[in-house]
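Here's what TrEMBL has on this protein:
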type	residues	note
TRANSMEM	A:30-46	transmembrane segment
TRANSMEM	A:52-75	transmembrane segment
TRANSMEM	A:96-116	transmembrane segment
TRANSMEM	A:122-143	transmembrane segment
TRANSMEM	A:150-171	transmembrane segment
TRANSMEM	A:177-199	transmembrane segment
TRANSMEM	A:220-241	transmembrane segment
TRANSMEM	A:247-267	transmembrane segment
TRANSMEM	A:288-311	transmembrane segment
Amino acid sequence: MTDLSTNAKVPGAETEAQFGDYFALLKPRVMTLVVFTAFVGLLAAPASVHPFVGFCAILFIAVGGGASGALNMWWDADIDAVMRRTARRPIPSGRVEGGEALAIGLVLSAFAVVFLGLATNWLAAGLLAFTIFFYVVIYTMWLKRTTPQNIVIGGAAGAFPPMIGWAAATGSVSVEAVLMFCLTFMWTPPHFWALALFMRGDYDAAKVPMLTVTHGRRSTRVHILVYTVLLAALAVGTAFTAVGGPVYLATALVLNALFLKGAWDIFRRDEAASEADNYKAEKAFFKLSLLYLFAHFGAILVEAGLARFGFGGWA
Amino acid sequence: MSIARLHDLHKRRMGRNLGVGLVLAAFIVIIFGLTIVKIGRGDFSTNPGAPGRAIEETSNEN
């Protein structure tokens, strides 16, 4: 008689990937930022888009962003494994093979670009293709491991979605779309440098040349302050363009005052003070930075919504 | 000896297959929806008198 038991331990069963593991390859948290900013870019644009086409455009932009995340995880699996923050990602934890992530990333990239082009226009599709290329090749494969300016230049990849949303609606790129790009672009360095300050050790262990590693923590604090001052000028100045208005101006004034205060606090502290309270100011600045970006784009969205009823902007 | 039809492995695969199935179903809905919208707007029409074309031409003139 055959001893047939399907309750026996199956090698690898515990680590076999589930659907959620493949979804995690797309970096869902980053995707929320991509979806939201692309949505704002699409709605703030001075053109009407069919709601279903608009929905599809956002979906394809999100899929494209997710695909670049999968390709990033494929390439960075070695350093993800040694960093606490990323060690539990699907590839370093052994749940998904690197080759699977590569295949998913490539297929979804092609899918997202082609379908965005078919649904809206080829300028938007071209921008999405460039964003994926920039994030995967320029940032992940080249800059991330070679220069402390990795975050500054690489931040461009995360800044493109509102411009793509705008291009999807209008078929062109205008000053307002570039300003929305600049807002995210200038916001990225202080956001990540604050993270690098309190996640100390992670980047050192992975030998990623973050500013904290190459130029020291004092220099990083100075850089955070300088970039925050430049960002504040840009963010408040945007209030006086076609995408701004009183609601945006009020939001920008409050949040930039808080953000500048946070950057000043970080600048004034030394390592001993930060270690004493477990990087309280740095963590608070990082949390505020998340609210900062969502609130600015939220205010642009409100202005666009009000404009449809004849109230938005300065007119 | 116990013979169980469902091993934990099967449950995991069931979840994965269900997920892929839902993604494919969503893909069909999206393509169908986009086709309906685009045909409705006359994007594929070669007839200059089609409603979508007329709107496009009017907006181009402005």
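Heads up, the Cβ atoms here are built off N, Cα and C, so glycines get one too.
It is A:122-143 that, among the stretches A:96-116, A:122-143, A:288-311, forms the most Cβ pairs under 8 Å with the transmembrane segment (A:150-171).
Cβ atoms under 8 Å from those of the transmembrane segment (A:288-311) belong to residues 33, 36-37, 39-40, 43-44, 162, 180, 183-184, 187, 190-191, 194, 235, 238, 243-245, 247-248, 250-252, 255, 258-259, 262 of the same chain, restricted to positions at least 6 beyond its ends. Listed stretches A:30-46, A:52-75, A:96-116 were compared with the transmembrane segment (A:177-199); the greatest number of C-beta pairs under 8 angstroms is found for A:30-46. Tertiary proximity for the transmembrane segment (A:52-75) is limited to same-chain residues at least six positions away from its ends with a CB under 8 Å from its CB atoms, namely 25-28, 30-31, 34-35, 38-39, 42-43, 89-91, 98, 101-102, 104-109, 111-113, 115-116, 119-120, 124, 128, 131-132, 135-136, 140-141, 157, 161, 164-165, 168-169. For the transmembrane segment (A:122-143), same-chain residues at least 6 beyond its ends with a Cβ under 8 Å from one of its own Cβ atoms are 57, 60-61, 64-65, 67-68, 71-72, 75-76, 105, 109, 112-114, 116, 149-150, 153-154, 156-158, 160-161, 163-164, 167-168, 171-173.
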